Every structure is written in structure tokens, then in C-alpha cells.
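Contents: one structure, followed by commentary.
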């Protein structure tokens with residue numbers, strides 16, 4: 001018989017960190033390009049500074065050691081969190097120091113939020129508009145005031161305290177970033193321990209995070225908001241800790257608090273239905289979701305994720321193994337199925353990032369649609385500028401994330417994909433029939449483009465010929481979105497069957513009554529007609545084109561019929577030489593570049609649609625004479641022609657930004673002008689011949705040489721790729737800032 005040595009029986013704790021792997025030194029900060037042998041030599045030409053920007057964060061190009069790359073990314077995440085905490089601290093500090101928050105809290109329907117007062121240097125104080133309550137400042141549309149009220153903040157002191165707390169958290173994050181790279185750096189196996197990661201992220205971040213938030217909502221936000229809704233002066237409301245310590249205070253508002261935890265342990269949970277509700281609809285006082293519904297929601301989410309955080313097998317031999325789940329996942333048409341994907345996701349952070357960006361981008365777009373249909377914060381729905389800003393912001397974020405997903409998926413294909421370990425699995429099979437996928441997608445784009453645009457062209461032509469009876473419209477040839485109307489109707493009626501005790505459906509947009517706060521419409525049923533049907537198909541068209549470009553970039557990142565050895569050329573390259581009908585602009589990077597323009601098209605039309613539709617059919621006022629909308633319901637009549645969009649939306653609604661000079665909105669007029677310039681400047685880089693600029697530079701250098709003032713660093717024109725990068729950056733920046741100023745000047749003036 002074999003006797004195991006005693007040391008083997010003692011369970012040793014796994015060491016998952018390396019101690020002091022990288023000495024701390026500031027010397028590298030003084031050496032630009034220290035991460036690359038070529039760049040570290042210093043600049044020979046002006047291209048050096050562009051290469052520096054392109055590669056500074058490309059950790060893959062600094063080293064091939066996956067462990068070191070993982071540590072750098074991990075450490076950088078703490079830096080990112082630190083920056084976020086500093087930014088948040090600044091927001092809360094502005095609320096505490098420069099805002100009219102306390103005044104707004106006492107009368108949120110008449111006073112507008114402001115947290116910035118412009119200093120008078122040479123007349124800039126004109127920007128300090130009268131926001132009501134005797135306060136002069138810039139009206140803000142970030143939604144922070146509504147968020148603060150919803151979370152139960154009643155004084156500027158509380159905002160100060162939170163701002164200081166956020167700075168402390170920022171310090172902790174920066175320290176953690178340094179510590180986990182220089183002092184205790186995790187080993188690669190720690191980064192690859194997916195079961196443990198899933199358990200911690202699900203149970204810790206999402207489960208305990210939601211539970212903590214539910215606790216805050218129940219114990220602090222609920223009593224504060226209940227008293228505020230009842231009209232109690234914020235200064236009279238007890239301090240947050242008093243609600244925690246004095247149960248009698250809570251019991252006055254929510255009687256079940258007097259019973260303590262007895263109903264919980266006796267499974268008599270319905271006792272708690274005074275503060276954990278399932279009402280549906282909006283609070284008529286604030287126009288926001290019921291806070292008791294949201295507390296209930298977060299508690300339920302917490303339970304779900306705490307359970308989910310115990311699903312995966314770690315130290316105890318029970319639970320799921322991610323590798324086993326993936327490898328068991330085989331369909332009738334997917335060959336080896338998901339075999340090999342586990343290896344991809346534990347060795348390629350680009351693959352992991354691509355999936356996460358696609359999901360986060362989609363989630364951001366879903367958030368933007370819920371911000372208006374189910375406004376979560378008090379008095380958010382009646383603050384039209386904030387509603388428009390939040391929708392637009394989350395749409396842009398979503399679009400950028402989805403383009404980023406394609407970028408990193410393509411980088412994965414070029415740098416990390418191993419054909420040998422992906423034989424006949426789902427990824428291999430997708431790649432093998434990529435021609436069918438792309439050609440079908442191409443056909444769909446052509447079909448959608450011609451048919452959707454064709455409807456508009458038809459209408460513009462009939463309109464010009466004076467034949468309104470032959471147009472597609474709600475009053476002539478109707479193209480009603482019957483499926484969307486069916487979905488609306490079903491959701492409006494659903495609670496009668498699925499939640500008989502609920503007071504309303506999930507959103508007032510489905511149907512039912514108008515929710516108005518102080519005579520201003522918060523939300524109401526949104527009627528859909530021919531104009532919506534038409535623009536919906538433009539959305540479908542632009543989204544499919546964006547997907548076509550991005551997906552083609554990913555599926556052909558390694559090889560194509562034109563360039564079979566594309567993987568050897570890398571993620572970005574300008575051309576593969578002359579001939580073959582042209583080999584320029586085929587790199588995966590170029591597909592992301594082109595995809596960004598179509599993403600911009602897609603999002604622009606979505607936010608234009610939203611802005612006009614809401615002003616026409618939702619936003620406005622309710623008086624004794626009935627409902628009056630900002631643009632009087634003109635969406636249905638005008639949005640079915642291109643001319644209608646140009647005349648009744650872009651032109652008619654830009655008057656506020658164009659005529660803003662000399663008013664508190666004049667900054668938007670200047671931004672509108674300046675952003676148009678930035679956008680136009682981008683075209684110089686996009687419609688550009690590189691040789692032209694190089695030739696121009698040569699003659700300028702010749703003149704400098706003649707005068708003996710030639711620089712030591714040789715000037716060079718931007719490379720094709722660099723020029724396109726500068727071009728797309730300015731195109732998007734200029735376009736977004738133009739749209740932003742146009743939207744805000746309009747909605748602040750009329751909303």
C-alpha cells in the first residue's frame with residue numbers, strides 16, 4: 001500500500017499572483033514610444049507622432065506574452081474606473097456648489113435644472129439664462145437632478161459628501177491599478193478561471209449590487225420621495241440615517257415596517273406589498289415609474305443573480321463547467337458546434353471584447369428606448385430637453401459600441417484565430433459559407449434600399465405634381481404598420497390577463513390615458529401610421545447596410561478571393577499593390593472605417609425620427625380645451641416625403657439654433673456653426689489624394705531649405721490610413737456636435 005506523504009494531504013492555497021513582477025519607475029514616462037523598438041529611437045519623420053498614437057494602447061504589439069497583456073488590460077480598467085469616479089465627483093460637486101438643486105427640488109415643474117454659471121469675461125454671462133426661482137445659469141439636460149431626487153438626495157451637503165466619497169473611490173481605483181500590475185499581479189490562470197469569474201460577477205456585482213440598491217431604494221429613497229411627493233419641504237424631511245434607525249418613522253409611511261422581519265420568516269410576504277408593489281404605469285405626481293415598483297424589480301433581479309452566481313463549478317465538485325456546456329452545444333447544422341469556442345474566449349481578449357461590446361451596444365440602444373417609454377426618474381418625462389439628450393446619447397453610445405464589436409472581432413480573426421483548432425465547428429462553418437451570408441445580406445440591402453427610398457421618391461413626385469390622392473399617407477393610400485399596432489394593442493390589454501391587480505401596463509405608450517404633470521404631457525399612447533411605416537423601413541435599410549459592411553470586414557479579415565493571404569498583411573493595410581481590379585481599402589480596418597459612416601447614417605435617422613415624432617405626437621400640454629402638441633401632429637402629414645423631412649423638420653426646427661445669437665442659447669448657435677466647420681474639414685481628409693499633399697510638402701520643404709530653416713524632422717503627408725482615421729474622427733465629431741446643438745437649442749426654446 002502507498003502512504004501519501006503528509007504534505008500532500010494539507011490543502012495548499014493556490015497562489016494566483018506574482019509578487020513585485022514589474023518595478024515601479026517613472027523613467028518610461030519620459031521616453032515616448034518606449035513600448036516599441038522602432039518608435040523608441042525617436043522621430044525621423046512626422047509620421048512618428050501618428051504611429052505613437054496608433055500603437056500606444058495596442059498591447060498586443062508591445063509583447064506576445066498573454067499574461068503580461070492581460071495584466072496591462074486589467075490594470076488599465078482600474079485607471080478607467082478612477083477617471084469615471086473623478087468625472088462623477090465633478091458632476092456631484094457642480095450640483096453642490098454651482099446649482100439650483102434645492103430650489104428645483106421644491107418646484108420641479110416650473111424651475112429648470114442648472115448646475116453651471118458662466119463667468120463674465122467678455123460678455124459670456126449672456127449664457128446664464130433665467131431658469132426660474134431667481135437663478136441665472138446654463139440649463140442642463142443630463143438628468144442628474146432627476147436621478148438625485150429619485151435616489152433621495154435632499155440637500156447640497158449630501159451632494160458634497162458624495163463628491164468627496166467619489167474622489168476617495170477614484171484614489172482607491174488608481175492605487176488598485178498600480179498594485180495589481182506592480183505589486184501583486186494576477187497570473188494568467190486567474191484571468192482564465194471563467195467559472196469563478198462568472199460566479200463573482202453574477203453574485204457579487206449584479207446580485208449584491210442590485211440588492212444593495214434595492215436596500216437603498218427601500219430604506220432611504222422611498223420615504224424621502226413619498227414625503228417630497230406629498231409636498232413636504234425638503235428641509236423638513238428627516239435625514240437618511242433617521243429612517244434607518246427609527247422604525248416608527250418608516251411605519252408612518254409604510255405600516256408593514258412595524259412588523260419587522262416576522263412576515264419574511266413566516267412566508268407571509270404579501271404583508272410587504274405596501275413598499276414592494278406591482279402597479280405598472282407611471283406615478284401621476286412625478287411622471288416617473290413607481291419607486292415601489294422599481295424597488296421590487298431590483299429585489300427580484302438581486303435574487304435571480306444571487307442564484308445565478310452559484311451555477312458554476314469551482315472548488316466544490318458541483319455546478320456547471322463552461323467548457324462542457326459549450327462542447328455539448330451541437331445543433332443539426334453546426335457540425336462540431338461550439339467546440340473550440342472555450343479556448344478562443346479564454347485566450348483571445350479581442351474575441352471576448354467583441355461579444356461584450358455587441359451586447360453592451362445593444363443594451364445601450366434598449367436603454368435609450370426605455371428612458372422615454374418607461375421614464376425611471378421623477379420629473380424626467382416632462383423635461384423634454386433631458387429626454388431628447390438621454391435618447392440621443394444612448395443611441396450614439398450603442399452605435400459606437402457595435403462598430404467596436406466588429407473592429408475587435410476582426411482583430412481577433414487576424415491575430416488570434418487558429419484554423420487548426422476550429423475545424424468544422426460553428427465558427428468554421430460560418431466562415432466557409434461567408435459568400436452566401438454576404439451575398440444574401442447584400443440582396444437584402446438592395447431590396448430594402450430601393451423599396452424604402454422608392455416610397456419616398458414616389459410621394460415627393462406625386463406631391464410635386466399636385467396629386468395628393470396618389471400618395472402613400474394616412475389620408476390617401478394607407479400603409480399602416482399593422483403588426484406594430486397589434487403589438488401595442490396586445491401590450492396595452494395584457495395586464496388584464498397577466499397582472500389583474502396592476503393599475504397600468506408597462507408603458508403609457510402602448511395605449512390608455514395621457515399622463516400629464518402640471519399640465520405638461522409626460523407620456524401618452526403613441527399612434528403609428530404610414531409615415532412611421534416608411535421611416536421604419538429606412539431604419540431597417542441603414543442598419544442592414546451597417547451590418548453588411550461590418551460583417552464582411554470580420555468574415556473576410558483573414559482571406560478573400562482577391563487577397564488570399566490577407567491575414568499576413570495584418571488588421572490595417574492600405575493596399576496590396578496594383579492590379580487585380582484594385583486592392584486598396586480592403587483591410588478589416590477599412591471595413592470598420594466605412595461601417596462608422598453607415599452607423600452615423602443609421603443613428604442620425606433614428607434620433608431625427610424620435611425628435612420629430614415626440615414633438616408632433618407626444619410632447620405638449622393638456623388644457624381645458626384639449627391636447628396641444630409642440631408641432632401639432634405634423635409628423636403624419638409631412639414625414640412621408642423627403643421634402644417634408646427637409647422643410648418641416650430640418651429647416652423649420654433649425655430656426656431656433658440659427659437665430660440664437662444674442663440670447664442665452666447663443667453658445668448652441670456657435671457650436672452649430674463650428675461643428676459644421678469641423679464636419680466640412682473632415683471632407684478634406686476623406687476626398688484626398690495622398691500624393692498631392694506629399695508633393696505640396698516637398699515644395700514647402702524646398703522653400704524652407706532655401707531659407708536655411710528646414711526642420712530636422714522630415715515632414716511627411718499622412719498615410720492613407722491615417723488620413724482616413726483623421727477624416728472619420730472629424731466627420732463623426734462634427735456631425736454629432738451639429739446634431740446636438742440643433743436639438744438642444746430647439747427643444748430648450750420650445751419645450
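Glycine too: its Cβ is placed from the backbone N, Cα and C atoms.
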Quick one: which of 252-274, 321-343, 436-458 does Swiss-Prot have down as transmembrane segment?
436-458
Which range is it, out of 533-551, 552-570, 571-589, that shows up in Swiss-Prot as transmembrane segment?
533-551
Using a threshold of three or more Cβ pairs below 8 Å, and leaving out pairs closer than 6 in sequence, do the transmembrane segment (159-182) and the transmembrane segment (591-612) count as in contact?
no
Short question: which residues 6 or more past the ends of the transmembrane segment (159-182) have a Cβ under 8 Å from it?
20-24, 71-72, 74-79, 81-83, 85-86, 88-90, 92-93, 95-97, 101, 148, 153
May I ask whether the transmembrane segment (388-414) has at least three C-beta pairs under 8 Å with the transmembrane segment (533-551), counting pairs 6 or more apart in sequence?
yes
Long-range neighbours only, meaning 6 or more apart in sequence with Cβ under 8 Å: which ones does residue 692 (chlorophyll a binding site) have?
none
Given the binding-site residues 575, 584, 676, 693, state which is nearest to residue 684 (chlorophyll a binding site) when distance is taken between Cα atoms.
693
How big is the gap, in Å, between the Cα of residue 693 (phylloquinone binding site) and that of residue 676 (chlorophyll a' binding site), rounded to a whole number?
24
Going by DSSP, give the three-state secondary structure for residue 692 (chlorophyll a binding site).
helix
Find the member of 349-372, 388-414, 436-458 that has more C-beta pairs under 8 Å to the transmembrane segment (725-745) than any other listed stretch.
388-414
Length of the line joining the Cα atoms of residue 575 ([4Fe-4S] cluster binding site) and residue 676 (chlorophyll a' binding site), in Å:
31
Rounded to the nearest Å, what's the C-alpha distance separating residue 584 ([4Fe-4S] cluster binding site) and residue 676 (chlorophyll a' binding site)? Just drop the number here, would you?
29
